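Record features, source TrEMBL:
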TRANSMEM  B:43-62  transmembrane segment
TRANSMEM  B:74-95  transmembrane segment
TRANSMEM  B:101-118  transmembrane segment
TRANSMEM  B:125-145  transmembrane segment
TRANSMEM  B:151-168  transmembrane segment
TRANSMEM  B:194-215  transmembrane segment
TRANSMEM  B:246-265  transmembrane segment
TRANSMEM  B:300-319  transmembrane segment
Amino acid sequence: MEDISREQTDNPSLLLMRGIVKQFPGVRALDGVDLDVRAGEVHCLLGQNGAGKSTLIKVLAGAHQPDSGEVLLDGQPVRLANPTAAMRQGIATIYQELDLVDGLSVAENIFLGHEQATFGFTRRGEMFAATRELLARLGHGEIRPSTEVGRLSPAGKQVVSMARALSHEARLIVMDEPSAALAHDEVMNLFRIIRELTGQGVAVVYISHRLEEIREIGDRVTVLKDGRTVAVGLPARTTPTATVVSLMTGRNVEYVFPPRPTGGFGDEVLRVENLTVPGVVSGVSFTVRAGEIVGLAGLVGSGRSEIMEAVYGARRATGTVLLNGKQVKLGDTANSVRIGMGLAPEERKAQGLLLDQSVARNITLASLGRYSRFGWLNRKQESDEAERLVKALDIRPPDPNRPIKTLSGGNQQKAVLGRWLVEGRKLLLLDEPTRGVDVGARAELYALVRRLADEGVGVLLISSEVPEVLGLADRVLVVRDGRIIHEAPATELDEHHVLDLVMDATPSHG
Amino acid sequence: MTEVNPQKVSAPEADEQARVEAAAVAPSGPGNGRLALGRIGEARHLGLLIALALLAAVGLITAPDTFATTSNMVSLLALASTIGVITVGSTFVIIGGGIDLSVGAVMALASVWATTLATQAYGPVVMAICAILVGTGAGLVNGFLISYGRMVPFIATLAMLVAARGLAQRMSERRTQLVSQDNSALVELSTTRVLGLPLLVYIFAVVVIIGWLILNRTTFGRRTYAVGGNPEAARLAGIDVRRHTMLLYALSGLCCGIAAVIIMARTTTGSSTHGDLYELDAIAAVIIGGTLLTGGRGTIIGSILGLLIFTVITNLFILNGLNTSDQLIAKGLIIVVAVLLQRRSLQTAT
Ligand SMILES: Nc1ncnc2c1ncn2[C@@H]1O[C@H](COP(=O)(O)OP(=O)(O)OP(=O)(O)O)[C@@H](O)[C@H]1O
Ligand SMILES: [Mg+2]
């Protein structure tokens, strides 16, 4: 409760951004944005997908140059000509799309670009020691400095990015959706670190689409909409959610889940028996019926994504998978798609997107067969379909021909989902489908998934947000240490119960 | 652009205004984007066309009597045909995220195999088919090693380069094999002219057109971009990445086989020394044409323009009696300049 007093003190601003404008070809991403961050506070940046949050922090990180506007640090105007200049000013950034080098080790990634600059480390041993210390501070002493980053889970990579930001002696740490890849306990861990940092006077700019988090960790809130600041310095704890949401979206969004069907479900679409992925998943069995949404709840590292990937054939596994009663050939994704499965993967950039291609081509990639005869594309049909899906998903800007890398994170995520929203799918495997999607769009996605289920598709869903699993799924499977330890209708579970089940493990996961 | 709008906005009334403005801007926004992108796409080829035009101007000035003659143009195109066909295959492989160093050697092997006494006994059609089969076979071996043997493309095709040359030398006993009189029909591909151009130029054109159609109008082409751009995403989208990779190298091999037919027609020989360093010319043409070596991006038209630029430079040096070392230096410079220019246009594009 003492925190509240901090919100009111007249702490001078550490960072002031005024009238920032950034124009991209065809889109004015920032149109006069103001931001005012004080030392020692957690300043939350809210806004819908495409509002300009990431662009603003890229300006702050020196990755984009603003067309106009000024940036003041400690009252002094500064020019952040490139990322190194920003780092020298004590600004460290964790980007929304992780920018680690997969082929390098954890330690090398953390000290990439500033091997000697800040700490004077030149020797590997010292770098490793410092890495170990940083990781321990982040509560992840089990990650070894020499591990190749490509082998880490998304959550592990997130931790490494954090460590990298901490390795700079920063006075301002910017985090763009850091919790999107994290499960509940990891988020708590993240908050502990943030509190530690702010206690030392470091300011944190925090971006998230999870409003509960803002309430828990935030001090003040700035809301962006269509590239403009629509509210500054709102108290994070006391501003009603409805106010925040209507500032963000310009309308009142009901944060509700679509109603569950009243009748029963159809036939069994998926039957999994004794599925085993060596070292990660041991002997898992379950079923999904037509029209049913089955949620997998579990910590990152519990084996939930691995179960999904194994079912899909993207990962070596043993056991039996039956789709509509027919045995599925394991380890062959092309076949899985042919017989009616679809997987929206967890890491959109590494596993989902063709960054150089247009939105349309990303969306139609998995269903090219539908728009072609003997391999010859019917381009009209293809672009019509892409256009329809862009509209259905409300992807912004609504231009299917725009390169997908120019879309905001949440809009890219929608495109990854859109790939599977075509007829003929019998089973959809959705791994964190709402990662980075804003509140308004989220409600629409829920409705969309439910509609698909009502049309007879079986859905297997992973989400790190327990309320999402409980609200959207019909049945929940709790996964821990590669096993299903509990199964119940979603209506019979509550958040605490699930969290207890999920975490009540001997802390052995990675 | 320069209009700054540092309004202090704090509450919903500003919000309303923003919405109105957003609505006013919206329809033109995406349209502009498309236009701008279209322009950049054209601009890239336009740059190549301008470069070509400049070279032609240089040709007209430095060799006024010889450059703009029909015979020079015809021999220029005939020269471009061989590597041109190979370049089409290389473009596919490189967009698909790989590289094929074995093209020149495979072409040599195909030409030797097709001109052995045993093959020549069956006549010109079988010779052509033989060359194409040998090329495709070598490509399949490359593809198999790379996709199922998990070898790095550079190494697998380097091995093929060395081995195919060796095999060609062995088969020909390092002698140049002549296309026999009975099979002169094959040579007619280069001597028969339609509308002033030798038949083999038409072969080249057909290969380019088919290649363009495959790349731009078929699922295979679409998947090639996907496999090169993000193989993991392609796999998860249900594309059989390994099979596709294999087919890409087979396609490249097929093009080498066709190139072998062209070179046999042009030189009336099969030889283990044919196509020396063609791999470098083909790769350079592809790069100048704007295809990324990292895959996932590129065009056939760009590659062909890149190739023509290279061919015209060679031609200019020959016409002006300059030595070949200078020619190599000039080519090296062209590659560097082209890539630098593209880097800049890419940066401004995104
Ligand atoms: N490099 C670029 N080229 C063109 N347009 C861009 C580029 N980067 C971003 N944009 C556009 O700028 C706008 C703001 O994007 P930004 O990534 O800042 O959104 P965001 O608020 O971070 O959204 P999200 O919550 O989805 O991550 C979007 O309309 C996006 O399409
Ligand atoms: Mg963003």
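Glycine is treated like the rest: Cβ placed from N, Cα and C.
Recorded stretches compared: B:101-118, B:125-145, B:151-168, B:246-265; the one with the most Cβ pairs under 8 Å to the transmembrane segment (B:74-95) is B:246-265.
With pairs at least 6 apart in sequence, the transmembrane segment (B:246-265) and the transmembrane segment (B:125-145) have 3 or more Cβ pairs within the 8 Å limit; the two touch.
Within its own chain, the transmembrane segment (B:300-319) is flanked in space by residues 44-45, 48-49, 51-52, 55-56, 58-59, 62-63, 66-67, 72, 76, 79-80, 83-84, 87-88, 90-91, 208, 211-212, 215, 281-282, 284-291, 326-327, 330-331, 334, 338, which lie at least six positions past its ends and keep a Cβ under 8 Å from the stretch. Recorded stretches compared: B:151-168, B:194-215, B:246-265; the one with the most Cβ pairs under 8 Å to the transmembrane segment (B:101-118) is B:151-168.
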